[in-house]
Every structure is written in structure tokens, then in C-alpha cells.
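Worksheet: the structure to be examined is printed underneath.
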Amino acid sequence: MKTLVTLTASALLASIAFAATVSPDGTCGGANGYTCLNSAFGNCCSQYGWCGSTTGHCGTGCNPAFGTCTNNPPPSSTVRSSSTPQPTPTKRVSTDGSCAGTNGYTCLGSTFGNCCSQWGWCGSTVDHCGTGCNSAFGSCTGNGGTTTSTTSTSPTPTPSGSVLQCLNTRNVPYKMTSDAGWADLIEPYNLRLPHTPAVVVLPSTNQHVQDAVVCAKQAGIKVQAKGGGHSYANFASGGKDGSMMIVLEAFNGIQLDASGVVKVGGGVRLGNLADGIWTQGQKALSHGTCPGVGIGGHATHGGYGHTSRNWGLAMDAIVKVDVVLANGTLVTASSTQNSEIFWGIRGAADSLGIVTSFYLQTRSAPSSITYFEIQFDGIFNSKATFTNTLLHLQDFARNASVVDNRISFGIYMDGYGSFAPSGAFFGSVSEFNTKIRPEFLRGLPTPTNVIVQSYSWYDYLVKVSGKNTIKVPLTGYDEHENFFAKSITVPESDGLTATSLNSLYDYIKRGTSVDYFIIINLYGGPGSAINSKDTNFAAYSDRHSLWVMQNYGFTANSITWINGLNDAVVKAQPQTQFGAYLNYVDPSLDAATAHKVYYGDAVYARLLALKKSIDPQSVFWNPQAIGA
Ligand SMILES: *[C@@H]1O[C@H](CO)[C@@H](O)[C@H](O)[C@H]1NC(C)=O
Ligand SMILES: *[C@@H]1O[C@H](CO)[C@@H](O)[C@H](O)[C@H]1NC(C)=O
């Protein structure tokens, strides 16, 4: 991670030497490389990457590359026009119970207590005035110097105080660093990207979520929800230290109604969802294979699986959501109610609200489904074999005489020479073997192993999960990996060319000590239900891909190599407008690039307008959020 940040920042510095973008959201440096100079938040970029004008920002650790490091006049007067140094502005008295941090409030004279704790909250207890007390933003001697707040602006209208006091007042369950279980709570799925939240909220009711969002908003803390917590960039814990992480673990209800619509809590994991709707009514949904992934992130940012060419993405099954907005209001959104929010949530929920319940239109599970896996050896023995094999599979994927919506597959390959397309067919084994298999294999090297097998729906789910069961424990989920991944969406109009496949082959053959895999999933082709929709349906722009390629490397050592692998494809096809898939969110992208490759300009512009109208203060934030 350190390497990544350094590389990105210096690369950005090189390219933006004289024209860094002024911070629109209070962040600085980092992947976006925003400067604080002339920003509305203050001119100094703190060591933690926030703009401000306090000594916390301009003093020790201040980053001169993204602002100035001398105490500045308030941002209303322009820096350049003042030739004489301004006096250090008096720190503003905390109006919300927070201190230091982004706002740089002092506790001295505040209504919350005079001591600023190590966590950035005002109070007068030993927790505030004892170990770790920050003397730059208050006193550290008990309640010393009881000042009356003659200069302070009026306190916030609620009795909230700091975010913790606010949560306490509203009886919202939460955990802090000192609490038992904290380390497990914040341990991310992707161990490469740990972040330490300011507080972890553990709501069990909608009202708790609403209250937590209000408390965070009042305290100026950013919020992200954690459903399954599988975000490749660990956005569930904010994507940066100091956020409020709202863990939706208790939102685990699954209730199927007579019309086949299932109400699903925002914290339900895919395995439990599939198990629940099967058990309650032999129903099924389209979604990915990993049982531990949460419905929240998965369905609001796409949601591909090997039933998606038939049934669409997980997102496409959403008929309604209950969502908590940045002002703490709980609304229902559907195609007829709050329809713009409904549009935006399906593509950008991380920036727009917290879905506490989904309402999903299920399907009747098929009585059986055909699983197939075709393993090859020696595909990497020659460039011609590699490229021609993939070009043939691409022809196959586009061939309407053999492919319709009933078939999906992905091509798995890795550094050990594996090459194995596998997928699902909504038809019989005999139809697959007589109609599809001959064309699939035509002209290819003889496979070493061909598996074509019929499964009951439930057994199929277990099979593709790679586990013994799709059920996942409701608490104490403890699966982790250490990885870097990114993706390429390949437009149907272009496909992959021989040139880019040759380039990919050359890159792979250079060799690496990195452990990696590549999966090229079929999204498009004749009859694809994914591509039968467009961006009017949802804020999801990837409705025209033939393939979506996932490039996945283990440990931080893989970053450079995986980036190079992406480049090997993308740069060999400069005429093609490649994008990227939201659910393989790539933390190495700066915000502007992320917005472009995930959404495209038109969808992004519409999302930005929505964001400004329902979350003008960017309460819901991560480094690639709408508006970041
Ligand atoms: C499509 O599949 C049919 C049936 O196998 C085959 O005859 C035909 O050549 C294929 N078309 C292309 C363009 O590969
Ligand atoms: C909260 O925000 C929504 C969306 O902007 C708005 O419709 C609603 O009126 C707001 N509620 C309150 C209480 O301000």
C-alpha cells in the first residue's frame, strides 16, 4: 500500500506539476492528488490527507506538495493577494464536539468539555484529558480553565455533542478502538488495505442507521456501510482512516412473499440469500458464486454470475429498496417512487445512501442445470495456440446458431498454465454435448478433461461456490485474502483483437513470481439479458460488453505486474474504449479516472447532479465516490 500511494502520488505530481485540482471535498494528496491551495477547507494538507488551516494541518506532517504549510488566513481572503503575513487565526471553538481533525476545532470554551481526546472529541473525563489528550486543541488538565463560551457560535440544535455522545443519546450501538472485538470488526476482506474507522456502528434497526448517519453528518465524519465487506478496495471501512463504518450484520432477514418478491436485509450474504429463497419456495436469483459476498455492494454495483446472460445482473432483480439518505431520512425507492434515487442506487449506492432492505424479484429455480468445465493443457505453448483459441471462443460467443441467453461461461487462466472455460447451461447435458460442445471445441487443441454434468439448482450453487456449503455464519465471518485486482470491460462492438491477445501472451510469457489469475467472463453475445438494458434503467454503464476481464494478483507484490497486464491489453487496442467493472473496484485509480471507466461521462454527470441534491455535504464518501 505504501508503495502504491507513493508511486501514484509521484506519478500524479509529475503530470500535474502546475495544475493540481483544488480539493472539492476536503481531501488532499492521495490518489486524487487534490491541492488545498484555494480550497474552501483551508490551504494546508495534513499528514492524514485533509485540508484545513489549523496547526494540525499546517504543522508537523503538513504536505507541501498539496498546499501551503504556513498558517493561512481563512479561505475567504485569497492567499496570493496578501503580501504581509496574516496572524494565526484563533482556533474556532468546537460546535459539534469534535476537535482537531478536519475542522481543527478547539475544545477550550466549548460546551462539551475543554479537553480534546486522542480520537478528536471534546470532553472533560479522564478519557479526554488523560493519556493521548491533544493539548493543541484544548487543555489537558481535567476541567481546567472553565471558560464560558462567549465567543462560540451557538451549539448544534440537538444535544448530540461528539459523534459518540450523539450515538449514546440516541441509543445507537457502536464500538470504539478500545472495545473487545474491535480488531475483528475492522479486519477487511482485502488484508492489503486496512483502514481504521473513527467508530464502528452496529445498528439493529432502521432508526439506528438513520440516527448514526445524522450523528456522523453533524460531526463532519464520512460514512460507509459494510454489507459483506468484500470491497476489493475496502471501501466498507471508508477507504481511508477516520470514517464511520456502519456494519449491517444484524440486517439479515430473508422473507419471500407469495408473488416471488423477497425482502432481503442489507447485510445478507449471497450464500444465505440463495439458501433462504430456495428453502422458502424453490426460488433463485442471478448473482455471483462466492457465498460470503454481501448483497448490498454486489447488487448495487452490478452483480454478475453464470445465470446473468439469462436472468440479468443481480441489480436487475431489484424492484424496490428502503434506503437511508444523508439527512437521515428513510425513503422507499422504486421505479415509481423516488425514481431518480432508485436509478442512482443501482450503480452508486456507496455514494448515495444505505440500503437497509432490498426487494428482489426471484425466479423459479430450474429443476436442473448443466455445469460444464473444459480443461486444456498447453494453450500457452505457442502464441498462435493462445491467440487462436481465444479468438475461436470469441467467435463462438458471438455465434447465434449455437449461443443464446441460456449459456454463460468464463475462461479461467493462471500462471501455472491453467486454461479452463467453465459455465452453466439452462438445458440438458445431451443438448450441450450434441449442439454446443462440437462448435465450442472446433479447431481447438484436444482438451485434457471435459466435465458436463447435470445438477439440481441447489447442488449447482454448492458446486460453484467451491465450498461444502453455501451457508455462511451470521456473525464472526472471518475470510480474508491479500490481493490487488482490476478489470477491463471489452465492448461488444470491438471484442478482443489478435493484436491485443498476442500482446497479452507476450506479457504473460515474460514470466513473473506473482501469483495471479485471469477470468474472462462472457457478458454479451446473442440474447444476453445483461445487454438488453441501457443506462436509463440504472446508473450502470456496462450494458454493451462482450467480455469482462478480471485480473487478480495476490499480495502487494502483484500491483505493478497486474497493472502491466491490463496495459498489455488496453494499449494494444488504442482504438477501443475499454471500461472497468464496479464490483472489481480498483483502488489504484484516481477519482476522475474511476468515474470515467466505471460510469462514463453521461451517467457520471447525472449521478453528480443527484449527489449534489441529496448529499451536498458528501456524507457518504470513499476515495472514488461520486463527487470525490
Ligand atoms: C457458428 O456455428 C455453426 C455451427 O457449428 C458453424 O457451422 C459456423 O461456422 C459458426 N460460425 C462462425 C462464424 O464461427
Ligand atoms: C431528506 O432528503 C430528501 C432528499 O433530498 C428530501 O426529499 C427530504 O425532504 C429530506 N428530509 C428532511 C427531513 O429534510
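Backbone N, Cα and C atoms are what each Cβ position is placed from, and that goes for glycine too.
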Disulphide partner cysteine [TrEMBL] for Cys129, chosen from Cys99, Cys107, Cys115: Cys115
Looking only at Cys28, Cys36, Cys44, which is named in TrEMBL as the disulfide mate of Cys58? Cys44
Whole-number answer please: how many Å between the C-alpha atoms of Cys129 (disulfide bond) and Cys58 (disulfide bond)? 24
Per DSSP, to which secondary structure element type does Cys44 (disulfide bond) belong, with helix, strand and coil as the options? strand
Just the number: how many Å between the Cα atoms of Cys58 (disulfide bond) and Cys115 (disulfide bond)? 21
Using C-alpha atoms only, work out the spacing between Cys44 (disulfide bond) and Cys115 (disulfide bond) and round it to an integer in Å. 24
The DSSP breakdown of the domain 'Chitin-binding type-1' (96-142) into helix, strand and coil residues is 7 helix, 9 strand, 31 coil
